[in-house]
Amino acid sequence: MGSTRIPLVKALHSPVSDYVNYDIIVRHYNYTGKLKISADKDNGIKLISVVFILICCFIILENIFVLLTIWKTKKFHRPMYYFIGNLALSDLLAGVAYTANLLLSGATTYKLTPAQWFLREGSMFVALSASVFSLLAIAIERYITMLKMKLHNGSNRFRSFLLISACWVISLILGGLPIMGWNCISTLPSCSTVLPLYHKHYILFCTTVFTLLLLSIVILYCRIYSLVRTRSRRLTFRKNISKASRSSEKSLALLKTVIIVLGVFIACWAPLFILLLLDVGCKVKTCDILFRTEYFLVLAVLNSGTNPIIYTLSNKEMRRAFVRIMSCCKCPSRDSASKFTRPIIAGMEFSRSKSDNSSHPQKDDGDNPETIMSSGNVNSSS
């Protein structure tokens, strides 16, 4: 009984001295076979790394402009835009973290202490986790809004900050678990090949969490589409042909947008999920694909580059503001300032009548068919 407990305790509670022992990095990389791979390829910074760094620089600049657009435009200081700003911040940090990861890779890896290595890899986990959790938070917010059929108010502001705070707290905990003890410093046979100081059980845990997040996002967006289709059928049943036709067009546009959102997300993240599952299942030095991690990871990072396009630039009002920021124009045009749009997902916005501004409760769905998600601009029905 005691003999089986000791390795478990060591795996969860590594001595403090292990975190500053330079030999541990070399030992673990040698055990997994990555030391030989690195030695064979180590001729300075690789061309592919330069390409990846340039991609990260684009992602960083792209998301900086999104944050500047939201900050400089007062009409965007609203709960839904907080989610978009939070997504841009996490994507920006993902670009920064991956750039730092690339610069500290290769021969530099063996000059790091385990504590520094955990910080290098953990920062990537935190940034990418925050990005995925932000996508989930946006989906939750849109679903709740669709259920209530109400636009944002004070209570929604509190809910927004609560969801955003939860994104970062959970991401920090998830990324910090290895440095807090869930690692394989003392148990080499349990080590991951992709991340040689990470325990395979931790890799499996993270993959499971991200897969559940993906499924949750898919379910929420499918539910949103279902709600829109239900309201469209109600209008058809009431023989309100013109409004039903408009609603059907919006439903089709919504379906296309949902396919884009989920398709891009799955295309970027699924390969990395599969690689990590292989890492958990494969024995050490048996799966050559595990030594090509950078190509799978850069796909996940690319999702941070597509998010601003899907969630921000597809909104016409934000696109105008974005262009103004890029052109260093300090005075927004009156024409664009007179309109106001509320992004939902990937260019989907609310359309509403003046009655939405009142304090009266929302009427039957059929009386306000414009209060649904669309793919166009917001046009007041008055």
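Just so it is clear, glycine is given a Cβ too, placed from its N, Cα and C backbone atoms.
Note on the topological domain 'Extracellular' (1-46): its mean pLDDT in the predicted model is 67. Taken from Swiss-Prot, the feature topological domain 'Extracellular' applies to 1-46 (among others).
Feature annotation from Swiss-Prot assigns N-linked glycosylation site to Asn30; the stated evidence is sequence analysis.
Feature annotation from Swiss-Prot assigns transmembrane segment to 47-68 (among others); the stated evidence is similarity to another entry. For the transmembrane segment (47-68), same-chain residues at least 6 beyond its ends with a Cβ under 8 Å from one of its own Cβ atoms are 84-85, 88-89, 91-92, 94-96, 98-99, 102-103, 105, 294, 298, 301-302, 304-305, 308, 312, 322, 325-326.
Packing against the transmembrane segment (83-104) from elsewhere in the chain are residues 49, 52-53, 56-57, 59-60, 63-64, 66-67, 70-71, 112, 120-121, 123-124, 126-128, 130-131, 133-135, 137-138, 141, 160, 163-164, 167, 171, 297-298, 301, 304-305, 307-308, 311-312, 343: each is 6 or more residues past its ends and has a CB under 8 Å from a CB in it. Positions annotated as transmembrane segment by Swiss-Prot, on the basis of similarity to another entry: 83-104 (among others).
According to Swiss-Prot, the topological domain 'Extracellular' annotation covers 105-116 (among others), on the basis of similarity to another entry.
The transmembrane segment annotation in Swiss-Prot covers 117-138 (among others).
Every protein chain considered, the tally of other Cβ atoms within 10 Å of the Cβ of Cys268 (sphing-4-enine 1-phosphate binding site) stands at 20. Marked as sphing-4-enine 1-phosphate binding site by Swiss-Prot: Arg120, Glu121, Phe265, Ile266, Ala267, Cys268, Trp269.
The transmembrane segment feature in Swiss-Prot is assigned to 161-182 (among others); the stated evidence is similarity to another entry.
Within the chain carrying the topological domain 'Extracellular' (183-196), a Cβ under 8 angstroms from the stretch's Cβ atoms is held by residues 7, 10-11, 14, 18, 24-25, 27-29, 31-34, 114, 118, 121, 202-203, 275-276, 279-280, 282, 284-285, 287, 290-291, 293, all 6 or more beyond its ends. Residues or ranges marked as topological domain 'Extracellular' in Swiss-Prot (evidence: similarity to another entry): 183-196 (among others).
Marked as transmembrane segment by Swiss-Prot: 197-224 (among others). Counting residues 6+ beyond its ends, the transmembrane segment (197-224) has Cβ neighbours under 8 Å at 11, 24-25, 28, 114, 117-118, 121, 125, 129, 132-133, 135-136, 139-140, 142-143, 146, 174, 177-178, 182-185, 187, 190-191, 254, 258, 261-262, 265-266, 269, 273, 276-277, 279-280, 345, 373 in the same chain.
The phosphothreonine annotation in Swiss-Prot covers Thr236 and rests on similarity to another entry.
Packing against the transmembrane segment (258-278) from elsewhere in the chain are residues 132, 135, 194, 203-204, 206-207, 210-211, 214, 217-218, 221-222, 224-225, 287, 289-290, 293, 296-297, 299-300, 302-303, 306, 310, 345-346: each is 6 or more residues past its ends and has a CB under 8 Å from a CB in it. Per Swiss-Prot, the feature transmembrane segment maps to 258-278 (among others); the stated evidence is similarity to another entry.
What Swiss-Prot records for 279-289 (among others) is topological domain 'Extracellular', and it gives similarity to another entry as the kind of evidence. Non-local neighbours of the topological domain 'Extracellular' (279-289) in the same chain are 31-33, 189, 191-194, 200, 203-204, 207; each lies 6+ residues outside the stretch with a CB under 8 Å from one of its CB atoms.
Annotation comment: Swiss-Prot describes 290-310 (among others) as transmembrane segment, evidence class similarity to another entry.
Annotation source Swiss-Prot lists S-palmitoyl cysteine at Cys328.
What Swiss-Prot lists as region 'Disordered' is 349-382.
The DSSP breakdown of the topological domain 'Extracellular' (105-116), given as helix, strand and coil counts, is 9 helix, 0 strand, 3 coil. The Cβ neighbour count for Arg120 (sphing-4-enine 1-phosphate binding site), using a 10 Å radius and every protein chain shown, is 18. In the shown protein chains, 21 other C-beta atoms lie within 10 A of the C-beta of Phe265 (sphing-4-enine 1-phosphate binding site). For the binding-site residues Glu121, Ile266, Ala267, counting C-beta atoms within 10 A of each C-beta gives the highest total at Glu121. Of Phe265, Ile266, Cys268, all annotated as binding-site residues, the residue with the shortest Cα distance to Asn30 (N-linked glycosylation site) is Cys268. Same-chain neighbours of the transmembrane segment (161-182): 11-14, 19, 82-83, 86, 90, 115, 118-119, 121-127, 129-130, 133-134, 136-137, 140-141, 197-199, 201-202, 206, 209, counting only residues six or more beyond its ends whose CB sits under 8 Å from a CB of the stretch.
Taking H, G and I as helix, E and B as strand and the rest as coil, DSSP gives the topological domain 'Extracellular' (279-289) the counts 5 helix, 0 strand, 6 coil.
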